[in-house]
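Student: Below is the structure I would like to discuss, written out as structure tokens.
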Amino acid sequence: MFPFQGIVHTQTVKRLKEMHTLTEVETLSGHSDRVWCVSWSPNGSLLASCGGDKSIRIWGKEGEKWICKSILTDGHTRTVRSVSWSPCGMYLAAASFDATTSVWSRKAGEFECLATLEGHENEVKSTSWACTGNLLATCSRDKSVWIWEVTADEEFECASVMSTHTQDVKRVKWHPNKEILASCSYDDTVRLYREQADDWECFTTLKGHSSTVWAIDFDKTGSRLASCSADATVKIWQEYEPGNPECVATPDNVSTWKCVCTIGGYHERAIYDISWSHLSGLLATSSGDDSLCIFSEIHSSDSRNQPQFELVARVRGAHSQDVNCTVWSPTEEGLLASCSDDGTIKLWKLERDEK
Amino acid sequence: MTKGSLVKMKTNCDDTDIFHSVTMTEDVSWQEGYKVGLSEGNKKGFLEGYGLGAIKGIELGAEVGFYTGYAASVLNKHSSSESRIAKVCEAILDLGKDFLNLDPTSEELSLNLSKIKGKFKQLTSLLGIHIEYNSTETNTDKIITF
């Protein structure tokens with residue numbers, strides 16, 4: 001018996017499974033403590049990382065090698081939990097356990113701290129820039145999600161404070177092309193927010209995971225959301241817009257999001273991060289079991305309402321400790337970055353196996 | 001023995017059973033005691049509940065009053081040109097008004113309060129000042145932070 005919904009038993013698949021191999025390309029060392037997060041610049045030329053050593057490192061490729069180009073150390077007094085690039089690649093936001101968010105601007109290759117956003121009561125966990133670059137979202141252990149508006153003169157004004165989560169908020173992520181924000185939390189839920197009548201509101205709550213939801217990521221179109229959790233599963237949520245052909249009810253003319261697939265049985269411990277490639281459509285997950293997994297959607301009769309995913313590659317012991325973050329390169333297909341409690345960042349290349 | 005059966009007994013035996021009141025003494029006094037105890041308990045419980053409700057009500061009222069009072073004074077001082085600040089102040093005042101009309105046992109109450117708190121945080125952030133509501137008189141546990 002195969003206990004996991006959404007995964008086809010190998011015997012029922014007629015065609016041969018296309019296996020891939022994830023090969024380590026390079027290990028980047030430099031952080032003196034655990035590395036919490038890595039983030040690709042939008043054009044894929046730079047990689048930002050941050051961690052327990054309170055610093056942010058910027059890595060760039062020179063020749064065939066990735067080297068550390070800058071170290072930003074004076075921004076925070078405690079762990080830097082995550083970093084994210086603005087869509088234009090000119091700004092970098094960093095969330096820190098010192099309760100502040102710093103925004104850095106890149107001018108002539110140099111980074112300078114443009115602003116320090118205060119307001120959260122305690123540890124800031126994550127930041128995300130909206131597709132327009134005009135909005136920045138932050139979330140914190142204080143259970144709140146803040147939306148900041150970037151004004152014309154590079155100032156940050158608080159546009160809303162939303163306290164709908166009942167626990168620590170782990171991650172915020174904007175929709176790839178709409179001003180819709182998603183957040184996930186220790187309260188086991190994912191929440192979606194939109195602007196309504198000049199104010200922001202939570203318009204739907206996605207319940208299904210049985211433990212902390214650590215990360216979320218939209219697919220390229222934004223009509224699907226993947227979430228990963230400490231319950232060791234990944235869930236795929238599908239948007240049903242008003243007037244959808246499936247006749248899924250959409251109260252108040254607001255899209256309904258439903259879980260259409262649960263992928264389980266691969267990771268043995270909490271899944272800390274998930275990345276949905278906009279180039280290949282592959283899902284990468286990283287976990288507390290030190291491994292990385294790559295999932296691919298397989299052709300099925302009803303891929304919208306009953307998508308099916310299969311494991312195409314797996315690296316056990318990808319790092320020697322928890323893999324905190326993994327993210328696909330936005331420009332180079334198959335290039336993946338990961339970072340870990342072991343203090344290293346690794347770059348991986350996914351290649352299809354020769355038959 | 002229940003009340004119904006007592007009545008039944010009386011009608012059946014009329015006053016002929018002279019031992020009736022003797023045999024029923026325990027039962028009757030138990031019932032009387034129960035009644036007196038219940039009404040006393042009700043009174044005491046009401047007082048206790050009323051007291052607790054009043055304390056909680058004062059706490060909540062003071063907090064909401066602080067936010068709305070603050071918003072009102074900020075709104076007074078700000079010209080309409082700084083529209084976002086004015087809007088947030090108005091939102092706090094509206095939520096404060098709603099708060100008064102809510103059933104204290106309703107879940108809406110805490111939802112409303114968390115909205116007011118969020119708006120207040122936004123206001124202090126927009127004003128660029130650090131101010132927090134601290135209930136210094138009651139519940140000192142609340143202001144211990146880490």
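Quick reminder: no glycine exception, Cβ is built from N, Cα and C everywhere.
TrEMBL lists these features:
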REPEAT    A:28-59  repeat 'WD'
REPEAT    A:73-105  repeat 'WD'
REPEAT    A:117-158  repeat 'WD'
REPEAT    A:162-193  repeat 'WD'
REPEAT    A:206-238  repeat 'WD'
REPEAT    A:316-355  repeat 'WD'
Student: Mind checking which residues reach the repeat 'WD' (A:73-105)? Cβ under 8 Å, same chain, six or more beyond either end.
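Tutor: Counting only partners 6 or more residues beyond its ends, the repeat 'WD' (A:73-105) has Cβ contacts under 8 Å with 33, 36-43, 46, 48-52, 54-56, 111-118, 120-129, 131-133, 136, 138, 140, 154, 156, 325.
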Student: For the repeat 'WD' (A:316-355) and the repeat 'WD' (A:28-59), decide whether they are in contact, meaning at least 3 CB pairs lie under 8 A, counting pairs 6 or more apart in sequence.
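Tutor: Counting Cβ pairs under 8 Å, at least 3, so yes.
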Student: Under an 8 Å Cβ to Cβ limit, what residues of the same chain, 6 or more beyond the ends of the repeat 'WD' (A:206-238), are close to it?
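Tutor: For the repeat 'WD' (A:206-238), the sequence-distant neighbours (Cβ-Cβ under 8 Å, at least 6 residues beyond its ends) are 6, 170-171, 173, 175-178, 180, 182-186, 188-192, 257-264, 267-276, 278, 281, 283, 285, 287, 295, 304-305, 307, 309.
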Student: Six or more residues beyond either end and a Cβ under 8 Å away: which residues meet both conditions relative to the repeat 'WD' (A:28-59)?
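Tutor: Contacts of the repeat 'WD' (A:28-59) (Cβ under 8 Å, skipping residues fewer than 6 from its ends): 66-73, 75-85, 87-89, 92, 94, 96, 104, 111, 321, 324-325, 327-332, 335, 337-347.
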Student: Please indicate, using numbers and ranges, the residues of the same chain that are 6 or more beyond the repeat 'WD' (A:162-193) and have a C-beta under 8 Å from a C-beta there.
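Tutor: Answer is 125-132, 135, 137-141, 143-147, 200-207, 209-218, 220-222, 225, 227, 229, 237, 257, 278.
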Student: Counting by DSSP, what is the helix, strand and coil composition of the repeat 'WD' (A:162-193)?
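Tutor: Helix/strand/coil tally for the repeat 'WD' (A:162-193): 0 helix, 17 strand, 15 coil.
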Student: As a quick check of your reading of DSSP, tell me how many residues in the repeat 'WD' (A:206-238) are helical, how many are strand and how many are coil.
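Tutor: So the counts come to 0 helix, 19 strand, 14 coil.
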Student: Under DSSP, the repeat 'WD' (A:117-158) has how many residues in helix, strand and coil?
Tutor: 0 helix, 22 strand, 20 coil
